[in-house]
């Protein structure tokens with residue numbers, strides 16, 4: 001297994017807003033350089049350019065719409081976030097759910113603009129369906145565990161291992177991330193042992209009093 005991929009989602013936490021978005025990204029970059037582990041961040045949309053301009057690491061959008069240029073007031077246009085410095089995007093996070101048609105349209109737009117795409121799912125069947133669309137990653141996150149502090153890798157390990165198995169049968173090129181309740185080194189280790197290639201996490205790092213120390217704890221068993 002290669003080095004895991006870690007994506008830190010800032011959500012709309014005040015600690016990850018504005019200057020805080022840059023400060024946390026700098027902590028991620030430092031830990032990434034020291035460990036050799038790829039760590040990316042997903043700040044709020046208005047902070048994408050700020051973070052991408054000030055810190056050399058992969059920046060993801062928390063959402064994008066499957067639309068093109070034109071009369072789409074309030075939508076998130078893939079070309080715009082790409083030119084702001086985004087490297088990729090989340091699609092269908094449980095806090096920003098989409099219909100199947102919208103997921104497919106967003107993924108198509110992400111590919112059109114050269115953005116790495118992560119489709120979020122909540123169980124094995126939806127993970128299998130997402131894998132059939134061929135994103136770069138699927139991220140399995142049971143919504144009831146998000147922000148709970150209870151890692152999915154312990155609360156429901158079968159949903160992780162089952163997702164990994166389902167994806168490998170449909171398209172082994174699609175990588176699987178594990179999310180929900182991930183915050184400590186044991187959580188990441190368990191997620192990797194279940195076959196995932198990395199994790200999607202948020203509050204355990206963003207809201208920590210010392211995000212750098214929290215990241216160092218997260219990767220200590222890798």
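Cβ coordinates come from backbone N, Cα and C, glycine included.
Given the structure is predicted, the values throughout are model-derived calculations rather than measurements.
Taken from Swiss-Prot, the feature substrate binding site applies to 9, 10, 11, 146, 181, 202, 203, supported by sequence analysis. Feature annotation from Swiss-Prot assigns active site, electrophile to 93. What Swiss-Prot lists as active site, proton acceptor is 141, and the listing cites sequence analysis.
Overlay of Swiss-Prot feature records on the structure.
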{"residue": "9", "record": "substrate binding site", "contacts (Cβ under 8 Å, 6+ apart)": "42, 62, 90, 93, 200, 201, 202, 206"}
{"residue": "10", "record": "substrate binding site", "contacts (Cβ under 8 Å, 6+ apart)": "16, 17, 21, 24, 41, 42, 43, 44, 47, 62, 202, 206"}
{"residue": "11", "record": "substrate binding site", "contacts (Cβ under 8 Å, 6+ apart)": "62, 95, 202, 203, 206"}
{"residue": "141", "record": "active site, proton acceptor", "contacts (Cβ under 8 Å, 6+ apart)": "93, 94, 120, 121, 122, 152, 178, 179, 180, 200"}
Report summary line: All chains considered, the count of other Cβ atoms within 10 Å of the Cβ of residue 203 (substrate binding site) is 20
Requested in this report: Could you check what DSSP calls residue 9 (substrate binding site) once collapsed to helix, strand or coil?
Outcome: strand
Query raised in the report: Is residue 202 (substrate binding site) helix, strand or coil when read with DSSP?
Result: coil
